[in-house]
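Asker: After the structure tokens below, expect a handful of questions from me.
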Amino acid sequence: MNSMAIEVLTPRYGIAWYPWAVQYFFMIAVSYSALLLTVPGLIFGNKNYQPLARVALLVTVTCTLVGPVALLADLHQPLRFWHFYANLNTQSWMSIGSLLLPLYLVMVLAYAWLAWRPAMQEQAQEPGWIGKLSGWISMGSWQAPRWMLVLAGLGALAFAFGIMLYTGAEVAILKSRPLWHTNWLPVMFVLTGLVAASGLVVLINRLMTGNDEEINRQGLKVIFVSMALAAVVAALWVSEGITGFSPSVEAAFESLQGNAEWRMVAIYGLAVGIVLTLATIAMLRRPGWMTRAWIAGLLAVHIGWTFRWMVLMEVQTVAKNTAGYYQYAVEAGSSGLLGIVGTFGLWLAALLIIDILVPWKKGLQAGSH
Amino acid sequence: MDKIRRALLGQIAKLTAGAALVPLSSLASAGINDQPPRREGDPSKRYAMLIDLRACIGCQACTVSCHIENEAPLGSFRTIVSQYEVEHEETGDIATFMLPRLCNHCDNPPCVPVCPVEATFQRQDGIVVVDNDVCVGCAYCVQACPYDARFINEHTQTADKCTFCAHRLDVGLLPACVESCVGGARIIGDLNDPDSQISRMMKEHYEDLMVLKPEMGTSPHVFYLGMEERFMSRPQAKPAIWDVRTQEGEEIGYEFDGH
Ligand code: SF4
Ligand code: SF4
């Protein structure tokens with residue numbers, strides 16, 4: 001068609017999911033990924049992985065507690081959250097999620113409670129309010145058999161897979177946004193979740209458990225493998241677009257062609273991904289570099305979070321019906337910056353409170369065998 | 001390549017306009033993301049709208065009257081007329097193209113099954129509505145609509161959209177946009193009634209009717225007469241109004257920059 005069109009008049013549509021959504025998707029992905037990291041040490045009782053499991057469990061619990069808060073905040077009518085249960089519509093992925101999430105939370109708390117309980121019981125012998133509180137929390141001095149821990153862990157794991165599935169499907173089923181409408185998206189959520197969770201574990205290892213080398217090595221390995229798999233997935237997604245017809249890839253290329261900002265972001269994402277992957281290789285190869293693993297950890301957390309920001313926020317700026325892109329600038333208020341900072345603040349508070357109350361660095365229940 | 005695809009989409013658009021006449025309501029089932037059963041409304045009717053673009057002058061009377069009738073917040077619209085300027089590259093001739101947009105009251109509305117609390121639902125007469133007392137404001141439906149026909153109303157903090165003015169239709173009045181349309185471009189009516197004006201016009205112009213974004217499989221029930229294929233999906237056009245910025249990137253006089 002040899003004519004040019006200009007859109008003269010069209011309304012601007014605001015974004016409908018706020019940064020709270022990014023916070024939820026980030027927290028919950030770190031939560032289920034960190035839960036996976038506890039499996040070898042805690043559920044299988046493999047001694048080599050117990051230090052890793054210790055840190056990962058702390059990450060799991062804190063993120064599991066904070067995630068749902070962010071989710072609630074993303075509702076425009078948060079006080080109506082009980083409608084989810086009063087007006088169940090199990091045909092909606094979001095509704096399925098509203099059923100899975102509390103069960104997941106309960107199972108994770110049960111798992112952590114059983115894992116931390118022996119140390120809590122020990123602490124209960126101490127004088128003072130911490131001892132008293134530990135007594136209450138550990139609910140008596142009876143010994144919980146190991147199978148209870150394993151059972152709780154497997155239960156949490158089962159719901160974790162449910163969370164992976166629903167958070168991915170919820171977004172990926174939306175045909176209206178071609179960029180989201182690909183089966184690779186849920187896979188990418190899980191892989192980048194593993195990257196971020198391992199990164200956070202490595203970071204906390206640096207800050208709270210004395211930069212344990214074994215934890216660093218195991219964390220870096222998970223980051224490396226997940227990054228490599230993410231690269232494969234990205235390649236498959238693109239090749240799907242080249243060899244066949246994939247509206248998702250087509251929409252991505254359209255945005256890259258038409259928008260300089262997107263080009264910048266794509267180049268940045270690629271660069272950071274390559275840097276992180278190379279850094280993990282270097283650190284794993286050169287023993288002396290391992291002490292700097294926290295730098296890779298920081299980068300890994302950044303990648304996991306930014307991926308969700310790009311997917312959930314930036315994609316919303318692509319006009320569905322009209323030409324061009326919406327400008328989205330993060331607002332200062334609770335639906336923007338305050339929400340982002342607030343979620344991280346809440347997470348930090350949860351971390352510190354647990355650190356004060358729970359002697360989580362001591363041997364876990366699995367370690368007593 | 002692009003031309004072929006567009007032509008193909010054009011074909012689909014025409015076909016879908018035809019297929020839309022077969023009611024999908026019978027196909028509702030209970031799998032994840034399937035359409036839940038319709039409820040309320042007159043089961044004997046199927047409301048739809050036909051927009052005769054040849055008669056639209058782009059005056060925005062519908063936009064304004066809808067805004068007043070339905071008290072949408074400033075800057076949010078249940079209906080609006082997109083306006084395009086098309087310049088012929090060789091001759092430099094300029095033509096304008098008007099495209100009234102509203103909820104398509106799709107027969108396979110992707111906004112309905114996603115709602116976690118069944119606040120959004122389709123009536124048996126085909127009208128898609130939101131129960132604002134139930135809606136939790138999760139905005140999932142806003143994401144799911146391929147037409148940007150929904151928004152979160154900043155006053156009610158719940159989902160908002162065109163209802164074909166169901167409150168007026170139910171008492172025998174016409175929707176505000178239809179009532180105020182200067183050119184008589186908007187025709188609303190019952191597709192189940194073969195003698196309604198819309199049914200007669202649909203029969204007469206069957207070949208030329210188009211719907212928006214047919215590739216989404218939503219089976220829209222707002223039909224366009226005199227539509228150009230290039231505007232059917234996201235148009236490849238230069239967005240003008242967002243470019244009204246100063247050198248520093250600051251907006252100059254965008255009316256609704258209030259939030
Ligand atoms: S146009 Fe959008 S809001 Fe209206 S019925 Fe279709 S999907 Fe739902
Ligand atoms: S915003 Fe309201 S109507 Fe829309 S999906 Fe959420 S609860 Fe349903």
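Cβ atoms here come from the backbone N, Cα and C positions, even for glycine.
Predicted automatically and left uncurated, TrEMBL annotations should be read as such.
Here's the feature list from TrEMBL:
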type	residues	note
TRANSMEM	A:20-43	transmembrane segment
TRANSMEM	A:55-73	transmembrane segment
TRANSMEM	A:93-114	transmembrane segment
TRANSMEM	A:147-167	transmembrane segment
TRANSMEM	A:187-208	transmembrane segment
TRANSMEM	A:220-238	transmembrane segment
TRANSMEM	A:265-284	transmembrane segment
TRANSMEM	A:293-312	transmembrane segment
TRANSMEM	A:332-358	transmembrane segment
Asker: Counting only residues 6+ away from its ends, which parts of the chain sit with a Cβ under 8 Å from the transmembrane segment (A:187-208)?
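Answerer: Cβ under 8 Å, 6 or more out: 25-26, 29-34, 36-37, 52, 55-56, 58-59, 164, 167-168, 215-216, 219-220, 222-223, 226-227, 229-230, 233-234, 276, 293-294, 296-305, 307-308, 355, 361.
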Asker: Residues of the same chain, at least six outside the transmembrane segment (A:20-43), with any C-beta under 8 angstroms of its C-beta?
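Answerer: 49-54, 56-57, 59-60, 63-64, 66-68, 70-71, 73-74, 101, 104, 108, 111, 115, 149-150, 153-154, 156-157, 160, 163-164, 167, 189-190, 192-194, 196-198, 200-201, 222, 304-305, 308-309, 312-313, 335, 339-340, 343, 347, 364, 366.
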Asker: With pairs closer than 6 in sequence left out, are the transmembrane segment (A:332-358) and the transmembrane segment (A:55-73) joined by 3 or more CB pairs under 8 Å?
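Answerer: With 3 or more qualifying Cβ pairs, these stretches touch.
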Asker: Return the stretch with the most CB pairs under 8 A relative to the transmembrane segment (A:293-312), choosing among A:93-114, A:220-238, A:265-284.
Answerer: A:265-284
Asker: Mind checking which residues of the chain, 6+ beyond the ends of the transmembrane segment (A:220-238), have their Cβ under 8 Å from one of its Cβ atoms?
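Answerer: Distant contacts of the transmembrane segment (A:220-238): 37, 182, 184, 187-188, 191-192, 194-195, 198-199, 202, 246, 248-249, 273, 276-277, 280-281, 283-284, 290, 293, 296, 300.
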Asker: Do any residues of this chain, six or more beyond the ends of the transmembrane segment (A:332-358), have a C-beta under 8 angstroms from a C-beta of it, and if so which?
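Answerer: Result: 18-20, 22-23, 27, 58, 61-63, 65-66, 69-70, 73, 116, 119-120, 130, 133-134, 137, 208.
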